[in-house]
């Protein structure tokens with residue numbers, strides 16, 4: 001049994017199909033270098049066509065962002081230095097085109113791998129991806145690619161590249177197991193979006209598994225079992241059946257509106273990337289309760305522009321079609337870094353310059369985001385939320401900058417809607433304690449339990465020596481939540497919860513009784529909550 | 001042949017986006033254009049060359065152009081590099 005990172009939920013049982021990254025390329029001498037170079041040129045032109053096709057197809061299946069990766073691939077294929085290096089190799093060393101492509105793409109990949117910047121490091125895999133593609137076409141063998149798997153199987157690979165995921169046939173790929181990658185890696189996100197069980201970061205799974213081995217892949221536990229005995233297969237088949245039954249059972253709740261004891265409760269989705277809005281819709285989210293904007297910043301090597309952000313916000317607002325979308329302004333710092341901001345290293349990052357504090361320190365960056373959000377406001381039902389507010393002064397300052405952003409847009413004659421709502425996260429104990437005062441300033445609260453718990457109990461739950469003290473149902477936490485809800489209702493505003501506690505089904509009843517108005521959870525959890533809260537009425 | 005010295009002023013240097021803008025601009029000219037850093041030459045029309053150069057803030061880079069439109073090429077690339085913001 002091998003343990004990796006549980007990246008996409010579900011159980012898969014099937015034969016292993018190993019995708020080898022390093023294609024074996026034979027080296028041989030060629031008599032006529034000119035002919036070999038012509039052969040290379042033809043292969044490059046076929047490769048271009050192929051990438052163009054995948055690019056067009058992927059815009060529809062997995063989103064524009066990934067389609068952008070293929071634009072980068074095309075640029076590599078058109079790179080004069082890259083192509084000329086290959087041709088020179090063929091000419092000088094009289095070697096076959098396949099081998100020359102392999103040598104040169106590895107050389108370039110190595111240059112990028114040696115760079116400090118994470119973004120550049122990742123470009124190395126793009127170069128190898130393009131190189132392998134040309135080699136496959138040159139050698140006429142395309143057998144070892146994800147696009148051509150013969151039958152239903154579990155893919156075992158070093159890593160899954162964007163171009164491979166774009167060609168993955170969902171019907172045939174039962175599961176994905178890789179050596180590299182983590183919960184937020186590209187492969188993980190695609191697997192979750194396509195709902196293919198995945199275990200990543202296994203280290204050397206491609207070495208220990210042989211082609212055709214029977215595998216059990218448990219995407220919830222992060223486990224791979226190789227050639228299991230009948231007993232184990234039976235056990236996992238039952239688990240698989242159970243999961244499927246539960247899934248189809250839960251889907252019945254999709255179109256239900258929770259209306260319990262005369263109270264309408266909103267069950268919304270937390271999303272981190274714009275593409276995830278599809279999952280939210282699929283599971284019947286009543287809205288987006290938390291759109292984390294960090295990934296817009298973290299996926300890149302530099303700050304996202306106003307237009308880039310605007311497009312992402314607009315995309316989600318339009319897709320939600322009038323249902324509320326809460327966009328949380330940048331929550332960076334703590335354990336989330338942006339190398340390109342060159343921030344000082346802090347002794348206590350969780351108590352340092354993070355989230356709204358960072359935004360108030362870097363007003364340029366904050367205002368760019370606010371302008372982008374405001375511009376998107378005309379495309380749906382927008383709510384803006386500030387994270388980590390700890391006091392009144394801070395909130396007013398943030399509101400002041402929001403006002404400035406509005407005035408700028410009005411002055412420039414750029415349209416935005418004034419109908420948006422403004423809220424704050426309650427995740428610092430001080431904010432919970434003065435929530436009566438803060439409630440007069442905003443339209444809603446959303447309780448972020450993860451931080452509220454760690455700050456209230458003074459516990460770092462990643463620290464194994466003290467994590468036993470991390471107790472979400474500690475009376476102090478429940479009291480704070482109750483205070484926040486009561487204070488909010490007294491001022492006539494609503495309260496949601498977007499922290500992990502919202503998806504803890506053992507807490508659902510308590511939170512409902514306390515008066516919570518909205519639960520925001522990861523998309524698949526929506527159905528569990530709708531079912532749990534029950535007392536429901538079928539909507540449209 | 002024309003040559004000029006420019007200093008990279010934007011905080012993140014010649015990363016992917018500015019690099020691709022620069023390459024696209026360089027392609028508009030017929031001249032051969034090179035960027036020179038630490039005595040090494042990089043083809044300004046190659047995205048991989050420009051990125052591999054790894055130019056960071058404060059680096060001084062020479063632009064060298066050779067060809068019929070070398071003057072325009074130098075002027076345009078100089079302006080582009082000096083105007084980089086993020």
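Including glycine, each Cβ sits where the backbone N, Cα and C put it.
Straight from TrEMBL, the features:
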DOMAIN    A:3-123  domain 'Phosphotransferase system enzyme I N-terminal'
COILED    A:23-57  coiled coil
DOMAIN    A:149-222  domain 'PEP-utilising enzyme mobile'
ACT_SITE  A:186  active site, tele-phosphohistidine intermediate
DOMAIN    A:258-533  domain 'PEP-utilising enzyme C-terminal'
BINDING   A:292, A:328, A:450, A:451, A:461  phosphoenolpyruvate binding site
BINDING   A:427, A:451  Mg(2+) binding site
ACT_SITE  A:498  active site, proton donor
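Distribution of TrEMBL features across the structure.
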| residue | record | CB count, 10 Å |
| --- | --- | --- |
| A:292 | phosphoenolpyruvate binding site | 19 |
| A:328 | phosphoenolpyruvate binding site | 25 |
| A:427 | Mg(2+) binding site | 26 |
| A:450 | phosphoenolpyruvate binding site | 15 |
| A:451 | phosphoenolpyruvate binding site | 22 |
| A:461 | phosphoenolpyruvate binding site | 16 |
| A:498 | active site, proton donor | 28 |
Local backbone state of residue A:451 (phosphoenolpyruvate binding site), from DSSP in three classes: helix
Same-chain residues near the coiled coil (A:23-57), Cβ under 8 Å, at least 6 residues beyond its ends: 67, 70-71, 73-74, 77-78, 83, 86-87, 90-91, 94-102, 130, 132-139, 144, 163, 166-167
Alpha-carbon spacing, residue A:292 (phosphoenolpyruvate binding site) to residue A:498 (active site, proton donor), which is rounded to whole Å: 11
Overall pLDDT for the coiled coil (A:23-57), taken as the rounded mean: 88
Secondary structure content, the domain 'Phosphotransferase system enzyme I N-terminal' (A:3-123) (per DSSP, counts of residues): 80 helix, 16 strand, 25 coil
Rounded Cα-Cα span from residue A:427 (Mg(2+) binding site) to residue A:451 (phosphoenolpyruvate binding site), Å: 5
Secondary structure composition of the domain 'PEP-utilising enzyme mobile' (A:149-222) [DSSP: H/G/I, E/B, coil]: 19 helix, 19 strand, 36 coil
Distance [Cα-Cα, Å, rounded] between residue A:328 (phosphoenolpyruvate binding site) and the residue listed as 'active site, proton donor': 11
Phosphoenolpyruvate binding residues A:292, A:328, A:450, A:451, A:461: largest Cα-Cα distance, in Å and rounded to whole number: 24
